[in-house]
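Student: There's a structure below that I have some questions on.
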Amino acid sequence: MRKNRTLSHENLADYEALMEFYFKNSPDKPIHRPASSLLVTNSGFNNFRGLFNLGLFLLLITTARMALENVMKYGIIMDPSSWIRFILHTPDKYFAFGLLICSNLFVITALLLERATVRGLLGNRLSLALTIWNLICVLAFPTGVILSVDFNPLFSAPVLLVYTTLFLKLFSYAATNRWCRQSQMKEMSQNLNKIAGLVSAKTVTDSCLLNQNKAKSELEDTSYVKQRNTITNVEGEEKEASNSSESSKQTNPEKEGEQFTQGNLLLHRTVSSPTMKSRSKSIPQFSEKFDITQLRCGRLSLCGSFGYKSLTETLEHEPYDPQLSLEKRPLKPLQYISYPDNLTLRNIYYFIFAPTLCYEINFPRTLTIRKTFLVKRLFEIIFIPQLCFCLVQQWILPILKNSVIPIQQAGFSQLVERCLKLAVPNHLIWILMFYALFHSFFNFLGELLHFGDRFFYGDWWNAETVPAFWSTWNIPVHRFARRHIYVPLISAGLTRSQAAMVVFFISAVLHEFLVSVPMKMPRMWAFLAMFSQVPYAYLVNHLFPNGGTWGNIAVWITLIIGQPLVMLFYFHDFYIAHYVKSDV
């Protein structure tokens, strides 16, 4: 029996043409063609927007049902005006305002220390010690006040966040000025070496000139002796001639002048000999090559800033639009300043209010202020926090109050149920606060201050690994950690893994500091939650080495589940410490 040969790739085009002819001319009117299902992986179909819309609609229905259930169970308990009444009637606002005013003392101290160091009033070591002490006081002062005064966490937490931000800003300010000072000293050392070379060249020139003058004086002495001998011989001959005949003197009066002329010619030939001519020509060439006055060594700049003084406009920077559109906004033409001209109140307070943690002497600036954009961001700053406060009143607080008993009884199923019930409203509020802070507030400040760099966050929602999320969701903190912690540690000899561990450890300590101090409860939950991201990142990388969809899901799991769990633990401890004990 003859077997049919398998269709080869070379005959594929002929086969398709044959099948097309068959479909058009077959009398049975065929309708079936070779095709695969859409949901097969190799089908090449990837348009699932309808299913995405279905998921959004189901999420909306589920959230609406939970909100309706909450209203039916607790009633409408949210009151937007209650926050305003609370702020107006509590005396804690005066403590918070006083602490914010006192923060200016540390800013001015940092500026005065830098100025004193530049003027030479403080040595480098003493300046560094005083700067470290000032930074310690930035965190120690509000901590002492908050712990010693009955301070409501709703006021103490924002104040402590402001002081922690100020600590990071002043650290960057001191470190950047120290880099500029070291660069200035390095350039000064290079210029001093140049000046030393010029001085040594001048010494060689003076030595050559001295040797020239010495040789010249010796030649003059030799010619003078020869001239005196010639004159003596002439005088002896004149005496002999005068004794023999005085009349010959009268008949040949030009003889004496001719002999004196020969003596002068001898002196001229001696001084203007070829050897001395070559010497006299070589010395001007040497002095012309190393002419001190020609290089103007007295005007050499030792501060390293002369390259910037002549610039009247900013360098070309990549414009960045806060709305992430293709529009290119022009930058404001500014004259660059250089160290130490940046040590002014205007410069340091611009940095304090700028939406960044990394100090630079010259920030990119925009040209204009968009009033419509500014009004939109201001509306969001006012509306979104009010919405979050209402959601906390209506949704979060009832769940937290009802979770105290399950946590005390250590019921795992009830704890999981409360955590999942808290996950949706907590995550919704977290996203709203992220938008209000990183987009609305930072862009509002940037627009007012003409701040050109508006890259405050990346596409963290697409992160397929845990490190990718922590590197893109908070760009100001990421830049600070990389610039002032990670890179210096690697330069000091640490490996990349060790430096990353140190960065996460410092971040975990600051997270615990921002939570434990206002609540006056060092429970270490925030520290453990933050530092546990290190082993969780290794686990996710091991399970999903290529990232992808499952890696992104792993990132969302730690965001949706981790935060509510930590919130439950802190609320339980706070409720037990401040309410249950007082009732007993």
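Every residue gets a Cβ built from N, Cα and C, even glycine.
TrEMBL does not curate its annotations; it predicts them automatically.
Values in this document were obtained by computation on a predicted structure and should not be read as measured data.
Annotations per TrEMBL:
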ACT_SITE  His511  active site
REGION    227-264  region 'Disordered'
TRANSMEM  51-68  transmembrane segment
TRANSMEM  94-114  transmembrane segment
TRANSMEM  126-149  transmembrane segment
TRANSMEM  155-176  transmembrane segment
TRANSMEM  428-446  transmembrane segment
TRANSMEM  524-544  transmembrane segment
TRANSMEM  550-571  transmembrane segment
Student: Which range wins on Cβ pairs under 8 Å with the transmembrane segment (94-114): 126-149, 155-176, 550-571?
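Tutor: Between the candidates 126-149, 155-176, 550-571, the best contact partner of the transmembrane segment (94-114) is 155-176.
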Student: Same chain only, sequence gap of 6 or more: which residues have a CB within under 8 Å of the CB of His511 (active site)?
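Tutor: Set apart from His511 (active site) by at least 6 residues yet with Cβ under 8 Å, we have Ala526, Phe527, Ala529, Met530.
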Student: What three-state class does DSSP give His511 (active site)?
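Tutor: Going by the DSSP assignment, His511 (active site) falls within a helical segment, counted as helix.
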